[in-house]
Every structure is written in structure tokens, then in C-alpha cells.
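S.K.: The structure under discussion is supplied below as C-alpha cells; questions concerning it will follow.
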Amino acid sequence: MAKKKLNKNWLHDHINDPYVKLAQKEGYRARAVYKLKEIDESEKLIKPGQIIVDLGCTPGSWSQYVRNKLSGSVGGGINGIIIGLDMLEMEPIADVHYIQGDFREQNVLEQLEVVLAGRKVDLVLSDMAPNLSGIAVADAARMMDIIELAIDFAQHHMKPSGSLLVKCFNGSGFNDIVEKFRHEFKTVTQKKPKASRDKSSEIFLLGKTLKNPL
């Protein structure tokens with residue numbers, strides 16, 4: 001009974017969420033786009049001519065936003081390269097190179113390298129998150145694993161001067177994640193965009209300029 005009530009409350013909040021309504025109005029696939037938009041507007045992350053990778057890109061709202069930022073016009077091509085990676089299937093987005101699969105696997109990396117053609121990435125975005133169990137220690141370990149995957153990807157594929165933006169949760173293990181970022185990046189900033197729900201412990205970490213590029 002409690003679970004049913006919880007689901008009803010979530011549905012009510014979701015339907016009445018101003019960011020959900022705005023996403024529907026502006027043609028974005030998820031409200032998460034406004035988290036990236038706010039961070040981008042304050043940090044000036046996305047610029048014409050960049051190569052940008054969106055890790056865990058499904059359903060695609062972040063890639064949609066990046067595409068719009070690099071285009072300046074609808075349907076007119078883009079000034080830059082966008083690559084979306086995810087194990088889940090995603091509906092195509094114009095001008096976005098989508099690669100389905102686990103980016104730890106060789107065949108996926110080979111597809112990535114074909115698109116990159118020897119070039120390095122300017123910006124890596126990651127909205128990836130684990131399925132939370134409610135067990136703090138286990139969830140913290142899963143989150144750290146995902147953060148480390150994103151950092152490792154950035155070290156191998158990003159320009160030394162590039163930036164990595166990741167989602168994490170401000171709870172058990174968060175300080176360890178921040179320390180990991182400080183060890184790997186010259187500048188680390190914590191971001192809590194307005195589009196993050198008040199009840200959520202979600203927070204974003206932005207690392208700029210790699211200390212240990214590979």
C-alpha cells in the first residue's frame with residue numbers, strides 16, 4: 001500500500017514538474033537537459049568546433065542540447081562532433097554519432113576511434129548512475145566504480161586541457177569521489193543545478209584540465 005502511494009506521489013510530482021513541462025514544450029527527451037543547460041551557461045563548457053562525448057547518453061536530452069549548441073540552426077549541420085555512448089538503445093538524433101555498447105569493450109572503442117580519427121575529445125559528459133539498492137556502502141561503491149570509469153575514459157580520450165562533467169550523489173562515499181577528482185584534475189567544482197529535485201542528493205562534479213593524461 002505504501003509503495004502504491006509512493007508511486008502516485010512520484011507521478012503527481014512528475015506531471016506537475018515545470019521542467020518536465022518545459023522539456024515537452026521545447027522538444028527535449030528528458031528534464032535532465034536543464035541540469036546540463038544551467039551548468040553550461042555558468043561554465044561556458046560547450047563551444048563551436050569541439051569534440052564532445054556523452055557517456056550513458058540514453059534517452060538523449062544531453063546530446064540534443066549539445067547538438068543545438070553546436071548548430072545555431074535546426075537541420076543545418078553542426079560545427080563540431082558529438083558522440084553518444086550507451087548500452088541501451090537510443091532513438092537517432094541528427095548529427096549525433098551514436099554507438100551502442102559498453103565502452104570498456106574493444107569493439108565499441110574501435111567504433112569510437114573511427115569517429116575520432118586520431119583526434120582528442122574536448123569535453124566528456126556523464127549522466128550515468130547505478131541502480132541504487134538503498135544500502136549506503138554498496139551504493140557508494142557502485143557510484144565510485146562509474147566515476148572511475150568516466151575518469152579513465154577521459155584520461156585515454158580527452159585533451160589534457162579538456163573537461164569532465166559527471167553526476168554523483170552527496171552521501172556515503174562522496175568525499176572520496178571529490179578527492180579522486182582533485183587527484184586527477186587541476187580544477188574541481190561542485191554543481192547543484194536548480195533542475196535537480198529538492199529531495200535528491202544528486203550533485204555534479206566538474207573537473208577541468210587533466211593532471212595525469214595518458
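Glycine is treated like the rest: Cβ placed from N, Cα and C.
So Swiss-Prot lists these for the protein:
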ACT_SITE  K167  active site, proton acceptor
BINDING   G60, W62, D86, D102, D127  S-adenosyl-L-methionine binding site
S.K.: Within its own chain, what residues at least 6 apart in sequence put their Cβ under 8 Å from the Cβ of W62 (S-adenosyl-L-methionine binding site), listed in sequence order?
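M.R.: Within the chain, W62 (S-adenosyl-L-methionine binding site) has Cβ neighbours under 8 Å at A32, V33, L36, D54, L125, D127.
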S.K.: Measure the Cβ-based neighbour count of G60 (S-adenosyl-L-methionine binding site), defined as the other Cβ atoms within 10 Å of its Cβ.
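M.R.: Total other Cβ atoms inside 10 Å, all chains included: 23.
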S.K.: Under DSSP, is G60 (S-adenosyl-L-methionine binding site) part of a helix or a strand, or is it coil?
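M.R.: It is coil.
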S.K.: With Cβ-Cβ distance below 8 Å and at least 6 positions apart along the chain, what are the contacts of D102 (S-adenosyl-L-methionine binding site)? List them in sequence order.
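M.R.: In sequence order, M87, V108 meet the Cβ cut-off.
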S.K.: Would you count the other C-beta atoms found within 10 angstroms of the C-beta of D127 (S-adenosyl-L-methionine binding site) for me?
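M.R.: Total other Cβ atoms inside 10 Å, all chains included: 21.
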S.K.: How many whole Å apart are the CA atoms of G60 (S-adenosyl-L-methionine binding site) and K167 (active site, proton acceptor)?
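M.R.: Distance between the two Cα atoms comes out at 15 Å.
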S.K.: Hey, what's the widest CA-to-CA gap across G60, W62, D86, D102, D127, the S-adenosyl-L-methionine contacts in the record, in Å?
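M.R.: Maximum Cα-Cα distance: 19 Å.
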S.K.: In whole Å, note down how far the CA of the residue listed as 'active site, proton acceptor' lies from the CA of D86 (S-adenosyl-L-methionine binding site).
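M.R.: With distance taken Cα to Cα, the residue listed as 'active site, proton acceptor' is 15 Å from D86 (S-adenosyl-L-methionine binding site).
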S.K.: Under 8 Å between C-beta atoms and at least six apart in sequence, can you list the same-chain neighbours of K167 (active site, proton acceptor), or say none if there are none?
M.R.: S126, D127, M128, A129, E202, I203, F204
